[in-house]
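What TrEMBL records for this protein:
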type	residues	note
BINDING	PRO525, THR527, ARG532, ASP742	L-glutamate binding site
DISULFID	CYS754-CYS811	disulfide bond
DOMAIN	447-516	domain 'Ionotropic glutamate receptor L-glutamate and glycine-binding'
SIGNAL	1-20	signal peptide
SITE	LEU674	site 'Crucial to convey clamshell closure to channel opening'
SITE	ARG704	site 'Interaction with the cone snail toxin Con-ikot-ikot'
TRANSMEM	571-589	transmembrane segment
TRANSMEM	641-667	transmembrane segment
TRANSMEM	826-850	transmembrane segment
Amino acid sequence: MWSNNLLVVVILNWGTLVTGDIGSTERRRYSNPTYYNVGGVLSSNESVTYFKDTISNLNFKDQYVPRGVTYHDYSMLMDPNPIKTALNVCKNLIYHRVYAVVVSHPLTGDLSPAAVSYTSGFYHIPVIGISSRDSAFSDKNIHVSFLRTVPPYSHQADVWVDVLKHFNYMKVIFIHSSDTDGRAILGRFQTTSQSVDEDVDRKVVVEQVIEFEPGLDSFSDRLMDVKGAQARVFLMYASKTDAEIIFRDATFLNMTTVGYVWMVTEQALDAANAPEGLLGLRLVNATNEHAHIQDSIYVLASAIRDMNKSDEILAPPSDCDNSGTTWTTGRLLFDYIRKQRLENGATGYVAFDDHGDRVHAEYDMVNVRAQGEHVAVGKYIYSKETHKMRLELKEQEIIWMGRSTSKPEGFMIPTHLNVLTIEEKPFVYTRRIDDGSDCNPEEIPCPHYNATEDTDQLYCCKGFCMDLLKHLSKTINFTYSLALSPDGQFGNYVIRNFTQPGAKKEWTGLIGELVYERADMIVAPLTINPERAEFIEFSKPFKYQGITILEKKPSRSSTLVSFLQPFSNTLWILVMVSVHVVALVLYLLDRFSPFGRFKLANIDGTEEDALNLSSAIWFAWGVLLNSGIGEGTPRSFSARVLGMVWAGFAMIIVASYTANLAAFLVLERPKTKLTGINDARLRNTMENLTCATVKGSAVDMYFRRQVELSNMYRTMEANNYDNAEQAIQDVKQGKLMAFIWDSSRLEFEAAQDCELVTAGELFGRSGYGVGLQKGSPWADLVTLAILDFHESGIMESLDNLWILRNNMLNCEENEKTPNTLGLKNMAGVFILVLAGIIGGIVLIVIEVVYKRHQIKKQKRMEIARHAADRWRGAVEKRRTLRASILPSQRRAKSNGVKEAGSISLAVDRGARRRDEPRVPRYLPAYTPDVSHLVV
């Protein structure tokens with residue numbers, strides 16, 4: 001023993017430090033110690049002696065100890081009493097300023113390593129365990145400076161995962177105790193089995209977990225609960241005594257016979273009644289304490305060597321009573337030890353993880369034979385080439401349960417499956433039966449799954465997927481019970497209870513029934529996508545498809561003035577103006593032309609007038625409308641030249657109108673409004689454009705994944721439907737402009753209704769697959785059967801029967817058939833004729849009324865003319881009478897006869913009253929001037 005009063009002389013050396021065979025020189029930045037004390041708490045005197053010898057030999061190994069540096073040992077035997085162990089550590093180790101402590105597992109009791117770890121860890125003195133494998137030592141909150149050259153028991157889960165994948169056992173039952181190690185190994189197994197590696201499709205699934213309290217009396221009830229499970233592979237972590245109880249009850253229940261696989265940890269492998277065919281793990285060099293002592297000392301020396309090059313090393317504490325200072329070098333030394341790699345250690349490749357636990361430890365795969373013989377049938381070793389662990393098994397030497405030499409399947413394949421589907425034309429048609437009759441021969445009964453209401457209602461299913469299910473059942477030999485989706489949904493990954501704290505996401509619909517193992521298989525148009533594949537198993541696609549857009553074909557609006565569409569409004573106005581301008585020019589040319597009038601032959605010198613304006617307008621309209629012109633043609637040569645030019649113009653206009661009218665009324669209408677998913681109207685949605693998909697569907701998940709479609713998805717999310725059927729009906733009715741869904745369904749709908757059409761190219765290509773539980777034994781069988789169906793033509797026949805039947809046939813014929821004009825197209829023309837008739841009737845009424853007014857006016861003029869003539873006759877008579885009376889009056893005057901004059905005047909007045917005509921009421925009274933008659 002070195003003296004307790006040993007003085008460590010620190011020599012300041014700023015020169016170079018030669019490190020033996022390394023041959024390199026580095027400048028010392030700090031005055032670090034040259035003497036290092038290492039403590040040991042070991043289980044036997046033999047180990048103590050080996051510890052001392054190893055330290056002594058270490059001083060002569062230049063690759064670990066630089067020249068001028070010396071290591072000294074201080075060791076002690078472990079005490080079963082943890083309190084005494086802690087006191088001895090302070091008295092015999094910390095007092096001597098040890099830089100690290102190597103601790104072994106006690107012969108009796110389990111707390112001594114913990115006592116050493118607590119005591120040394122309080123001062124941050126690194127502790128290297130060489131046999132302590134409890135998972136509690138991985139907790140750095142408690143054991144802050146503990147490392148170990150042996151792995152914890154939970155690391156056996158890594159070996160189990162590789163063994164299971166090697167044997168292709170993808171579903172297991174996990175049995176473990178409820179202590180720290182049991183829960184740790186379960187957590188590590190679940191993490192390792194689900195980790196993403198190069199074989200992401202092969203993940204081990206834990207079908208059931210059985211946790212028990214240590215100290216069992218019976219385990220029969222727990223084993224009975226899992227006897228009906230599919231998995232036949234049992235992984236068990238238990239102590240030796242608990243394992244004996246479990247093996248006893250499993251043997252009694254015939255669960256250690258042919259077809260079962262049991263894999264256990266090291267403790268359970270030592271059970272006295274371990275059944276023949278059991279597989280277990282055994283850590284290599286687990287009991288070789290000398291090898292672990294050597295590796296731990298070499299790792300410590302390597303860490304101090306590296307630390308000595310670049311960091312300042314302070315002296316460790318020497319008094320347990322003084323806790324006021326923290327040894328920072330201890331923390332730094334712990335990190336250096338954890339980073340060390342020992343390529344050729346006595347126990348193999350030595351390395352540590354972040355918790356200070358040994359990694360890359362090597363195991364033997366042990367097979368239990370008759371009379372409890374343990375035979376190594378494989379190794380789990382570190383490969384220096386790949387720097388990974390490698391599993392080597394001798395499968396032909398393994399004796400399985402029931403003394404079988406052939407590898408069990410590892411699962412019990414159920415022959416009757418619960419199959420779910422969902423209504424989706426043309427893959428699944430449903431028909432409700434209310435009268436209690438049976439389904440047709442081509443149909444399959446399919447009630448709603450777990451229906452609580454209307455349980456007496458029965459549905460019958462048929463379609464592409466139903467025929468596929470029948471073929472699968474016959475090919476891979478299983479029976480089934482078919483049911484419809486409980487909520488009519490494919491399934492969405494959502495949070496159900498938002499109000500509850502810590503609420504987790506759950507799958508709904510078909511996927512939820514499969515994830516929570518309430519169903520065995522989904523045969524439906526189920527799209528394969530990453531979100532679903534993470535939770536369920538998919539077969540190879542039975543049909544490839546993509547995503548497309550369904551919309552209603554745009555209809556050409558046939559208005560009442562559709563016959564005016566061939567010409568623009570401007571052209572119609574110009575034609576109308578041209579008619580009247582030409583008519584006016586014709587009238588003027590014919591009016592002022594010297595040859596506009598001529599005498600007609602064989603007529604007595606009469607002369608015909610030139611073309612009037614009314615006739616010129618009639619002529620212009622007649623030529624334009626290609627009607628016969630009987631009268632009112634131009635007479636002059638200049639006007640006739642213009643008439644011929646106008647006739648040519650009319651011919652061109654009429655021919656152009658006729659051709660363009662046919663194009664407008666008969667030409668094929670455009671098929672789509674949208675160009676596809678990249679249409680700007682979809683990417684930047686407008687208020688008058690609505691698009692949608694189905695909530696929680698694969699299409700909905702696709703839009704969530706695509707960042708470039710996020711703006712579009714936010715707009716359409718509020719319009720999404722619960723099912724595709726309702727959305728398609730709204731497209732037909734014009735309530736929804738674009739429905740985004742699987743191409744197979746939408747192309748089928750477009751084939752059934754020629755008013756519907758798919759827009760753009762397919763995007764988001766994927767396939768339909770059969771859904772199964774994770775690790776289902778039917779997955780490979782279903783995949784192989786589907787591949788065989790593709791090769792044998794069964795899939796093609798199903799396509800022809802259900803999808804391509806009448807597909808695009810009628811619509812293509814309608815597209816090829818010329819469009820016929822109907823009343824809707826030509827209604828405006830008939831209305832124009834009706835307007836002409838009504839206009840003619842109105843004009844004739846106006847003409848009649850006007851004519852009657854003219855006749856009355858002419859009659860009044862005739863009466864006035866007759867009255868005027870009578871008045872003129874009376875005046876003439878009076879003038880004649882007066883002319884005859886005047887000579888006689890002169891004679892009478894000359895004869896003096898006055899009486900005669902008086903008599904003549906009287907006679908004249910009497911005659912005037914008799915001959916005086918009656919003056920009409922509406923004519924002014926006329927009084928003849930007879931003053932000149934008075935003598």
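Using N, Cα and C of the backbone, Cβ positions are placed for all residues, glycine too.
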Between ARG704 (site 'Interaction with the cone snail toxin Con-ikot-ikot') and PRO525 (L-glutamate binding site), the C-alpha gap once rounded to whole angstrom: 20
Alpha-carbon distance [LEU674 (site 'Crucial to convey clamshell closure to channel opening'); ASP742 (L-glutamate binding site)] in Å: 17
Neighbour count (Cβ, 10 Å) for ASP742 (L-glutamate binding site): 27
Greatest C-beta neighbour count within 10 angstroms, which of the recorded positions ARG532, LEU674, ARG704: ARG532
Cβ-centroid neighbours of L-glutamate site PRO525, THR527, ARG532, ASP742, 8 Å, sequence order: PHE490, LEU526, ILE528, ASN529, SER697, ALA698, SER766, TYR768
Lowest local Cβ density among PRO525, THR527, CYS754, which the record lists as recorded positions, within 10 Å: CYS754
PRO525 (L-glutamate binding site) and CYS754 (disulfide bond), distance between Cα atoms, whole Å: 24
Pairwise CA distance, THR527 (L-glutamate binding site) versus LEU674 (site 'Crucial to convey clamshell closure to channel opening'), rounded so that it is a whole Å: 25
Inter-residue Cα distance where the pair is LEU674 (site 'Crucial to convey clamshell closure to channel opening') and ARG532 (L-glutamate binding site), in Å: 31
Binding residues PRO525, THR527, ARG532, ASP742 (L-glutamate) - maximum C-alpha distance in whole Å: 16
